[in-house]
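For 69-149, 150-258, 259-373, 382-480, 480-591, the entry in TrEMBL reads domain 'Cadherin'. Marked as transmembrane segment by TrEMBL: 598-626.
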Amino acid sequence: PLTLPSPSLPSFLPSFLPSFLSLPPSLFLSDRLQLFIGLRQRRSWVWNQFFVLEEYTGDEPLYVGKLHSDVDKGEGQVKYVLNGQGATSIFTIDENTGDIHATKRLDREEQAYYTLRAQARYRENNLPVEPESEFVIKVQDINDNEPKFLDGPYSARVPEMSPVGTSVVTVVATDADDPTYGNSARVIYSILEGQPYFSVEPKTGVVKTALPNMDREARDQYLLVIQAKDMVGQMGGLSGTTSVMVTLTDVNDNPPHFSRKSYQFSMSESLPVASVVAKIKTLDSDVGPNAEMEYRIVDGDGLGLFRITPDRDTQEGLVTLQKGLDFETKSSYTLRVEVSNRNIDLRFLSLGPFSDTATVRLIVENVDEPPVFSLPLSKMLISEAAKVGTTIGTVSAHDPDSTNSPIRYSIDRNTDLERFFNIDATTGVISTAKPLDREVNAIHNITIFAMESCKCSYSALSAGIILITVTDINDNAPVFAIDYETYLCESARPGQVIETISAIDRDEPQSGHRFFFSLTAEAAGNLNFTLRDNKDNTASVLTMRGGFQRHDQTMYRLPVFIMDGGSPALSSTNTLSIRVCDCDPDGAPQSCGSEASMLSAGLSTGALIAILACILTLLVLVLLIVTMRRRKKEPLILDEERDVRENIVRYDDEGGGEEDTEAFDMVTLRNLKVVRESGGKTRRDVTPEVPTLFLSSRPPPDNGIFRDFIWDRLKETDVDPSAPPYDSLQTYAFEGSGSAAESLSSMDSLSTDSEQNYDYLSDWGPRFKKLADLYGHSGDGNLFAS
């Protein structure tokens with residue numbers, strides 16, 4: 001039997017044996033190993049301890065164990081070889097003695113065990129003494145890792161006023177040490193900061209409330225520090241900490257209340273309906289849905305006049321106006337309002353009523369109100385036969401203020417551009433200003449302005465609508481309903497109806513239209529046609545004979561007398577044109593009037609169409625040729641080589657005229673005093689200097705006539721409905737009653753008594769030769785003698 005080599009088993013082996021036996025069987029060769037120390041029956045292997053402590057910090061390599069074969073007699077013939085995980089890099093073996101050492105510091109948390117293979121070989125030929133055997137070196141854990149909160153820091157929420165023991169959050173710490181060995185990984189939780197408000201379960205890490213009635217309104221956040229310590233919290237254990245931010249959420253535990261018990265607000269009587277007249281501030285320490293308010297008016301003298309609702313954003317009570325105010329009727333109102341929470345928590349009803357009341361006084365301020373019409377919409381009737389100045393009706397308005405100021409009336413001329421109506425500014429009587437025509441405009445919609453006569457501000461103005469309906473009189477005679485084109489076939493028989501006519505009348509009698517048809521006295525005795533009144537506002541035209549020939553007469557004109565049933569009755573004579581035509585067997589006209597002569601010459605309808613088509617084709621060809629020639633002369637697209645910037649445009653214009661202010665001084669025509677003082681200015685279109693001719697001694701006319709003329713034209717343009725709606729330039733050719741320059745004609749200046757000498761015209765050159773011949777010799781007699 002083999003004996004174990006020295007040294008003997010380590011002293012910690014009895015305590016470590018259970019842990020070693022708990023390793024997975026796959027890590028060992030169970031059919032080869034008999035004992036933990038590696039004693040083999042068939043291969044005669046013996047090795048010592050296979051455990052090594054982690055985090056060894058000594059200077060020398062750490063002894064792990066010893067390999068020994070019973071074949072080795074100590075004569076140096078056997079050497080030991082180590083292979084596998086960490087061989088030669090971490091673990092080394094003395095090939096002579098079989099001692100195994102760890103050359104590096106090991107960390108169990110990085111690798112808990114190493115699997116290696118050992119073999120004994122003959123040193124002489126390197127042949128194996130026996131096959132390799134596999135063994136395990138396990139790294140023995142020490143407490144070198146503190147607990148860590150991988151999910152920290154934490155944040156949690158818990159309702160305020162929660163009972164003691166309410167769970168807030170669960171914290172979890174992880175220890176990287178071996179949980180199967182000792183207490184290195186057994187963690188205990190404790191709270192370092194946050195007491196006495198919260199506590200933590202030592203084993204589970206559940207954080208709970210420790211005090212009742214924690215009030216969010218007093219403090220809404222708590223910072224907790226939780227510690228986790230290994231070694232079951234014993235002395236020497238490692239620890240880690242994390243923070244937990246606990247926020248108290250709101251519950252409805254505070255009733256609302258008004259900031260004051262009474263309020264007073266002022267409001268203008270001119271405020272429109274739905275206006276906010278007051279904002280009432282309400283206090284509630286809660287937030288969110290727990291602070292939402294409900295308001296109602298419980299008492300007061302304005303129950304139907306006001307309404308109170310909460311503001312969505314501020315939860316203030318908004319008092320809004322439901323009806324119009326009138327200072328003269330009532331100048332103040334008193335309301336009693338109540339506020340309550342919309343969402344009430346039944347758990348806290350014992351804290352008191354969740355409502356409050358306050359008194360609101362509303363003062364109405366007087367304003368200068370515009371006049372009020374007795375009827376905002378008035379309807380009036382006027383006959384279109386009414387003369388200018390006829391009274392149509394009266395509008396009435398009054399001042400609602402206590403001052404009861406008199407009212408002045410006016411018409412909005414934008415609604416009466418043609419000024420058909422006038423209104424008395426004091427009485428409000430509306431009358432006609434122009435004759436009316438119902439057929440042109442049957443209804444006039446005008447606006448009447450009313451304002452206090454003692455006020456000049458436009459703010460005190462109100463408007464009323466007047467609908468004036470123009471009633472009808474019989475002032476329009478009946479006429480043909482349409483322009484009739486009547487055709488008479490040559491084959492027509494006597495008594496045949498060739499046309500049925502009707503009439504229209506622009507008037508609209510209440511009993512409806514009634515028309516009477518007849519031939520005029522001149523046409524009553526004709527032998528060709530007759531007229532039959534159908535008594536239904538129509539009449540039939542009949543032939544009195546047959547045998548009409550277009551060769552004899554192509555057109556007949558029949559005067560028809562039409563009279564209406566009005567009082568007084570009106571009538572008119574309308575001429576019906578009847579053309580004689582060649583008709584087909586069905587009575588449809590084929591050719592009429594001037595076409596007959598062409599057809600009689602032997603030209604058929606097809607021939608005429610062909611001739612017209614040829615003429616049209618020739619016209620199109622001529623237009624195409626002309627268009628092409630124009631395009632060649634004036635191309636629409638410029639040549640690439642042609643640059644418009646290189647073109648020089650030349651104008652043979654001598655200038656002058658009243659628009660050329662450079663060639664002629666316009667001041668001469670505008671102010672004669674300047675001419676007298678300056679003695680004239682030199683024209684640029686002549687060479688010599690010429691004295692000013694025929695200066696007038698009359699004073700210039702008064703500019704007032706021009707101002708009056710322009711002012712009259714301006715007023716006409718303002719009321720002209722056809723004038724453009726934008727600013728425009730109006731030009732008027734008006735010279736006035738006299739000209740400051742007098743006549744520009746030379747008729748009076750060429751008399752024999754003239755002292756003017758025109759001999760200098762001969763020096764002006766060829767252009768003025770004709771004038772020199774006419775004016776150059778003043779002593780030759782009268783100009784028109786020759």
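Quick reminder: no glycine exception, Cβ is built from N, Cα and C everywhere.
In TrEMBL, annotation is done automatically, which means it is predicted and not curated.
Across the domain 'Cadherin' (150-258), DSSP helix (H, G, I), strand (E, B) and coil residues number 3 helix, 46 strand, 60 coil. Within the domain 'Cadherin' (382-480), the DSSP-based counts of helix, strand and coil residues read 3 helix, 43 strand, 53 coil. Counting residues of the domain 'Cadherin' (259-373) by DSSP class, helix then strand then coil, yields 10 helix, 55 strand, 50 coil.
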